[in-house]
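S.K.: After the structure tokens below, expect a handful of questions from me.
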Amino acid sequence: MKLSVIKAWIGTSTLSKEVEAMPETTSLPMESVWVLCRNCKSSFPPSLADSLTLVAPSSVFEGDSIVLKCQGVENWKIQKMTYHKDNKELSVFKKVSDFLIQSAVLSDSGNYFCSTKGNVFFWDKRSNIVKIKVQELFQHPVLTASSFQPIEGGPVSLKCETQLSPQRLDVQLQFCFFRENQVLGSRWSSSPELQIPAMWSEDTGSYWCEAETVTHRIRKQSLQSQIHVQRIPISNVSLETRAPGGQVTEGQKLILLCSVTAGTGNVTFSWYREATGTSLGMKTQHSLSAELEIPAVKESDAGKYYCRADNGHESIQSKVVNIPVRIPVSRPVLTLRSPGAQTAVGDLLELHCEALRGSPPILYRFYQKDVTLGNSSAPSGGGASFNLSLTAEHSGNYSCEADNGLGAQHSEAVPVSISGPDGHRRDLMTAGVLWGLFGVLVFIGVALLLYSLFHKISGESSATNEPRGDCRLNPQEFTYSSPIPKMEELQPVYVNVGSVDVDVVYSQVWSIQQPESSANIRTLLENKDSQVIYSSVKKS
């Protein structure tokens, strides 16, 4: 301030001699003026005071930071600095300071100014008024749904709709969906849509969504909307079997599948065996089907089964399903059957193969070593046979195999030794000789029996007539009209014995050589060592 102005305002009485000696064009700082005017009773006119200026951003959106600067005063001149909004104090500082709004919201809109309270040497000051309007960055979201009354079990699509300010289209937002204070999905997502695959009756309730900037500065929530899920009763319950290969086999896994064509909510499935009526198992789940597994089926598991399904409206039963259990074949036993004790060339050998267990039909295969001889089928189970006309090449090990489509089983090997043709012929000859000897012995036995019988009859007849004597010939019964000629050979002599009245005549026959004289004939006839032959001759 120029010295001439100071002199005109406060006069010269309070000025020191040094100041008065200064040219009137000399400019003095305000501090010097305060020193010169420390005994003044008046104040500086407003035109002489330093002015305050409030500096603020011209455009503000939600989430932006706002810095208010109060300029035009120095720290040593004030006791405090105050920032105001709509004539209300916001913040008070003891020195020159900026006022910061970290993240602006719509409610931060208003009229702002600042003021300072001067110390003993300065006047109080007030800045200009600045009007700040915070603009909406994006609109409040609105929750929409593909259906607010979905059918239970059906899908629902939720969407959180909002719109960014045209001046801030580059801002990125993220979204989150809620049901009854529970977060749905994977919490925050950049997608404004959420797909719910299936809605159930317990999903009925209030739904809303939230949208926020990725910087987490601004978050807005939609209004709540009610979603009511509609339940449908179950219908068309059916029972199916699932087994490896399409058939239920002993020892393998069996799955009983109980399913419904319609129905919503928690469905309780249960399985039963008709013969006993007891429950085999029970499952409750959000599904139109459920499975019951039997890890290893037994032969006793064959029978009739059914299942039931219930979702709280009514329990529905399926049709009864008959489940047969097929039994794999056991290890077969091979039996060989031949005409004799030993097998020989030309014999007909029967190979009989039988598995004691196994569901029919069963196919049997017959082998000599590893060569297939043939096969035979048993449609109703049991065993089967194969006939083989033996040759010398058929010696070796035989086996069989049983197969009913559930796995083949092989028997143990059975050795066969075959005799050659010469040995067979010798066996036949030996058998013929033995049979011939047996026939001769039978014939001789019959002849002896007949002889004994006839001899007995003959003895009885001699006892009733005159006795035969001691088988000696009576020399007087023989007369010779002429001398006996000489003979070189034996000559038979016949003598009739016994009465002529009986049916049987015995004759005694001697066979002698011609003696040299008639005297020796008597001696020869009386010789007991002569041979006697009896024969019976029936009288005519």
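Note that Cβ sites are derived from N, Cα and C of the backbone, with glycine treated the same way.
Look at TrEMBL and you will find 46-114, 141-219, 233-322, 332-419 tagged as domain 'Ig-like'. Positions annotated as transmembrane segment by TrEMBL: 433-454.
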S.K.: Let me know the model's mean pLDDT on the domain 'Ig-like' (233-322).
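M.R.: Mean pLDDT, the domain 'Ig-like' (233-322): 91.
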S.K.: I'd like the per-state residue tally for the domain 'Ig-like' (141-219) from DSSP, helix first, then strand, then coil.
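M.R.: The counts are 6 helix, 41 strand, 32 coil.
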S.K.: With DSSP helix as H/G/I and strand as E/B, how many residues of the domain 'Ig-like' (233-322) fall in helix, strand and coil?
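M.R.: Per DSSP, the residues of the domain 'Ig-like' (233-322) fall into 6 helix, 50 strand, 34 coil.
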